[in-house]
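Note sheet for the following structure.
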């Protein structure tokens, strides 16, 4: 177990360096000038040049990245080039919104997806075909279009749910849940289909193995056979797809947060990209990468729990 933790943590270091460096260089190549965005049009060229120099934008990109790494090593992510607000403070203020959306979506998707997968493995036919259709629709239908349809039905026509906005759980737990229902529904649709399909396939494979037939012949109760033996042995591929879904949800927050006006990291990423606010962009990428590393670490630990042969 300790070897797994150490191995993952060691691998995370070059991953963080690679992702942040790649993002830094790609953003530097995209069109846009923060000086023009800050000062506006029709200013003297000398003013733009002076501001670029103050922001350090005239230095070579590798030098700028090295300075960012040095700032990070001192426990800071710098400040936004637009309002001098601490990047860490700016991101932490929005992190809870994104984590609420992603964690709630992952929980709903996993529970419904695994349940549907088990049911369709035990009762093949219409239910199994429904899982295939759900998975296909999740891939084909754009999240943006689904979001607009759900808003039109449940917010505009029925007035059951808010169309936009976010309520913190500290203000109202019920309001918090209501503000996340539509965003979670948009993101959970494709995830449920993928998890259900993978769960069904894994369960079908395990249920055909000799040890399951032996347990069934030995009089093991069906519930114990399914949940204690079959599901545990099918758990590794199911956990793999749940981990991949969680990572994909981080990207999905960009659309969901902008459509539903949620003040999370996804919406901030779009805003910072439009402004070419590199310190904020780098901070968001770093946060997302750390979340991915943590999720992969948790998945590895669950692998070890499901399969004792992995443990050390």
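Heads up, the Cβ atoms here are built off N, Cα and C, so glycines get one too.
Where the annotation comes from TrEMBL, it is an automatic prediction and has not been curated.
Look at TrEMBL and you will find 95-303 tagged as domain 'ABC transmembrane type-1'.
With a cut-off of 8 Å between Cβ atoms, the residues of this chain six or more beyond the transmembrane segment (9-29) that come close are 61, 64-65, 68-69, 273, 276, 278, 281-282, 285-286, 289-290, 293, 297. Sequence annotations record features per position, and here TrEMBL assigns transmembrane segment to 9-29 (among others).
Feature annotation from TrEMBL assigns transmembrane segment to 101-122 (among others).
Annotated transmembrane segment per TrEMBL: 134-156 (among others), in sequence order.
Tertiary neighbourhood of the transmembrane segment (176-196): same-chain residues 100-101, 104-106, 108-110, 112-114, 116-117, 120, 131, 134-139, 141, 143, 146-147, 150-151, 154-155, 161-163, 165-169, 238, 241-242, 245, 248-249, 252-253, 255-257, 259-260, 262, selected by CB-CB distance under 8 Å and a gap of 6+ residues from either end. Feature annotation from TrEMBL assigns transmembrane segment to 176-196 (among others).
Among the features that TrEMBL reports, transmembrane segment is placed at 234-256 (among others).
What TrEMBL lists as transmembrane segment is 284-306 (among others). Within its own chain, the transmembrane segment (284-306) has Cβ neighbours under 8 Å at 1, 4-5, 8-9, 12, 15-16, 19-20, 23, 72, 77, 91, 95, 232-233, 235-236, 239-240, 242-243, 246-247, 250, 265, 268-269, 272, counting only residues six or more beyond its boundaries.
Sequence-distant contacts of the transmembrane segment (101-122) (same chain, six or more residues past either end, CB-CB distance under 8 Å): 128, 130-131, 134, 180, 183-184, 187-188, 191-200, 202-204, 207, 226, 231, 238, 242, 245-246, 249-250, 253, 256-257, 262, 264. Here the transmembrane segment (134-156) has long-range neighbours at 116, 162-163, 181-183, 185-187, 189-194, 196-197, 252, 255-256, 259-260, meaning same-chain residues at least 6 beyond its ends whose C-beta is under 8 angstroms from one of its own.
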